[in-house]
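**Q** Straight out of Swiss-Prot:
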- Ser2: phosphoserine (MOD_RES)
- Ser4: phosphoserine (MOD_RES)
- Lys6: N6-succinyllysine (MOD_RES)
- Lys11: N6-acetyllysine (MOD_RES)
- Val23, Asp24, Phe25, Asn26, Gln38, Arg39, Ser62, His63, Gly65, Arg66, Leu122, Arg123, His170, Arg171: (2R)-3-phosphoglycerate binding site (BINDING)
- Lys86: N6-acetyllysine (MOD_RES)
- Lys91: N6-acetyllysine (MOD_RES)
- Lys97: N6-(2-hydroxyisobutyryl)lysine (MOD_RES)
- Lys131: N6-malonyllysine (MOD_RES)
- Lys199: N6-acetyllysine (MOD_RES)
- Ser203: phosphoserine (MOD_RES)
- Ala215, Lys220, Gly239, Gly313, Glu344, Asp375, Thr376: ATP binding site (BINDING)
- Ala215, Lys216, Lys220, Gly239, Gly313, Glu344: AMP binding site (BINDING)
- Ala215, Ala218, Asp219, Asp375: Mg(2+) binding site (BINDING)
- Lys267: N6-acetyllysine (MOD_RES)
- Lys323: N6-(2-hydroxyisobutyryl)lysine (MOD_RES)
Amino acid sequence: MSLSNKLTLDKLDVKGKRVVMRVDFNVPMKNNQITNNQRIKAAVPSIKFCLDNGAKSVVLMSHLGRPDGVPMPDKYSLEPVAAELKSLLGKDVLFLKDCVGPEVENACANPAAGTVILLENLRFHVEEEGKGKDASGNKVKAEPAKIDAFRASLSKLGDVYVNDAFGTAHRAHSSMVGVNLPQKAGGFLMKKELNYFAKALESPERPFLAILGGAKVADKIQLINNMLDKVNEMIIGGGMAFTFLKVLNNMEIGTSLYDEEGAKIVKDLMSKAEKNGVKITLPVDFVTADKFDENAKTGQATVASGIPAGWMGLDCGTESSKKYAEAVGRAKQIVWNGPVGVFEWEAFARGTKSLMDEVVKATSRGCITIIGGGDTATCCAKWNTEDKVSHVSTGGGASLELLEGKVLPGVDALSNV
């Protein structure tokens, strides 16, 4: 799925117009301080383009966290983002305490030329996602008439619509698909992300290696299935490797992650790999722990020895890392989605860190390396490798759905050209 037939910001006339722009400012916070501003920085080129080309105003809307339709300004306000944005843009940002309604509409109706406005969290209204919880935590659904009113109010805030929220492109939420304006364009971040993935999936450099980690096989079935039609090699690591090893090698896995649902299709996936000539690399040794805890006792195990009862594998061992390094060394293009160990804890981070080092090395020799958002992007931030790989996606779920071969609703909703 590419943007080739969709309107993009560089082709949009913004002069004298009010631009309403969906961005992804869902940034990690600690005590109301932003801990990683990657997503805010990523939206700056689109915002600057509008201002440099004479837009009357740029009204920015985003979600933050999961307030589930309940206003929680103490916990999930976008106000700290306004200050961060001001320093990145070098100009004032007007923060509004809501995202819809008469007061917001008035503030956005006729602002001074070149005004930047940031709306409060879209998800303080249940109409953004269409469902949520009430103040007591009971599940609620938004009424269709109220969803229509919410979307109509958002549509009054601009003359043209730009969507630069790649991280939310896989969600059919009101701000993504429900703004009703004659021109709806993809922003520069959206364009960059889709171009990278389109090229990677439609005309890859070969050998093409996918590195797939993470916990559950069932969550990654479609991903593995779709990628088996595209790649030459695949590393299957992380927690989901144990399901494969138990089914294929009858390995004793102790209390390691095991996915009953996923286990049923392991053999089908392996026979598809064989049919397509895809070389699969699984881990052969492990760093184990006596409980799921940062300070657990640690041990070592191999596929042959098995993992003793009551113990679990939380990282791959050095032999596995060597095998992974060989696969990376053969590749001319790599897509990596999911860590191969519990990288958040020092004792179980070595496998993912050594793999990251190899991917950085591969990049420096000209291999195209794409990091598919989410936890793997967090690894790049943690080890400072964001500018040492070809592309770090800003969207975990969105990049996953692209790699699964799905159409993204947020892209689908843009104007055709």
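Note: Cβ is positioned from N, Cα and C throughout, glycine not excepted.
Each of these features: where is it, how hidden is it, and who are its neighbours?
**A** Cβ neighbours of Ser4 (phosphoserine) (same chain, under 8 Å, six or more residues apart in sequence): Ala198.
A strand conformation is recorded for Lys6 (N6-succinyllysine) in the three-state DSSP classification. Over all protein chains present, the Cβ of Lys6 (N6-succinyllysine) has 22 other Cβ atoms lying within 10 Å.
Counting only same-chain residues six or more apart in sequence, the Cβ atoms lying under 8 angstroms from the Cβ of Lys11 (N6-acetyllysine) belong to Ala185, Val417.
Note: Ser62 ((2R)-3-phosphoglycerate binding site) has non-local neighbours Arg22, Val23, Asp24, Phe25, Asn26, Leu78, Val81, Leu118, Leu119, Asn121, Leu122, Ala165, i.e. same-chain residues 6+ apart with C-beta under 8 A of its own C-beta.
For Lys86 (N6-acetyllysine), the Cβ neighbour count at a 10 Å cut-off comes to 16, with all displayed protein chains included. Lys86 (N6-acetyllysine) falls within a helix when secondary structure is assigned with DSSP.
Secondary structure from DSSP puts Lys91 (N6-acetyllysine) in coil.
Under the three-state DSSP scheme, Lys97 (N6-(2-hydroxyisobutyryl)lysine) falls in the coil class.
Long-range Cβ contacts of Lys131 (N6-malonyllysine) within its own chain (separation 6+, distance under 8 Å): Gly69, Lys139, Val140, Lys141, Ala142.
Same-chain residues at least 6 positions away in sequence with a Cβ under 8 Å from that of Lys199 (N6-acetyllysine) are not found in this chain.
Neighbour count (other Cβ atoms within 10 Å of the Cβ, all protein chains): 7 for Ser203 (phosphoserine).
When Cβ atoms from all protein chains are considered, those within 10 Å of Thr376 (ATP binding site) total 29, not counting its own.
According to its DSSP assignment, Ala215 (ATP binding site) is coil. Around the Cβ of Ala215 (ATP binding site), the same chain contributes Gly238, Gly239, Met240, Leu257, each under 8 angstroms and 6 or more positions distant in sequence.
According to DSSP, Lys267 (N6-acetyllysine) sits within a helical segment. Neighbour density for Lys267 (N6-acetyllysine): within 10 A of its CB lie 12 other CB atoms from the protein chains shown.
Its Cβ taken as reference, Lys323 (N6-(2-hydroxyisobutyryl)lysine) is surrounded by 16 other Cβ atoms within 10 Å in the chains shown.
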**Q** In angstrom units, rounded to an integer, how far apart are the Cα atoms of Lys323 (N6-(2-hydroxyisobutyryl)lysine) and Gly313 (ATP binding site)?
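**A** So the alpha carbons of Lys323 (N6-(2-hydroxyisobutyryl)lysine) and Gly313 (ATP binding site) sit roughly 18 Å from each other.
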**Q** Where does Val23 ((2R)-3-phosphoglycerate binding site) sit in the DSSP three-state scheme?
**A** coil
**Q** When you tally the Cβ atoms that lie within 10 Å of each candidate's Cβ, which of the recorded positions (Lys91, Lys220) has the highest tally?
**A** Lys220
**Q** Record lists Val23, Asp24, Phe25, Asn26, Gln38, Arg39, Ser62, His63, Gly65, Arg66, Leu122, Arg123, His170, Arg171 as binding (2R)-3-phosphoglycerate; longest Cα-Cα distance in Å?
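**A** So the maximum pairwise Cα distance among the (2R)-3-phosphoglycerate binders is 21 Å.
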**Q** Once near-sequence residues are set aside, which residues in the chain of Lys97 (N6-(2-hydroxyisobutyryl)lysine), 6 or more away, have Cβ atoms under 8 Å from its Cβ?
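**A** Looking at Cβ-Cβ distances below 8 Å from Lys97 (N6-(2-hydroxyisobutyryl)lysine), excluding near sequence neighbours, one finds Pro73, Glu120.
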**Q** These are the binding-site residues: Gln38, Gly65, Leu122, Gly239. Which one scores highest on other Cβ atoms within 10 Å?
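**A** Its Cβ has the most other Cβ atoms within 10 Å: Leu122.
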**Q** What's the CA to CA span in angstrom from Ser203 (phosphoserine) over to Lys6 (N6-succinyllysine)?
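**A** About 20 Å separates the two Cα atoms.
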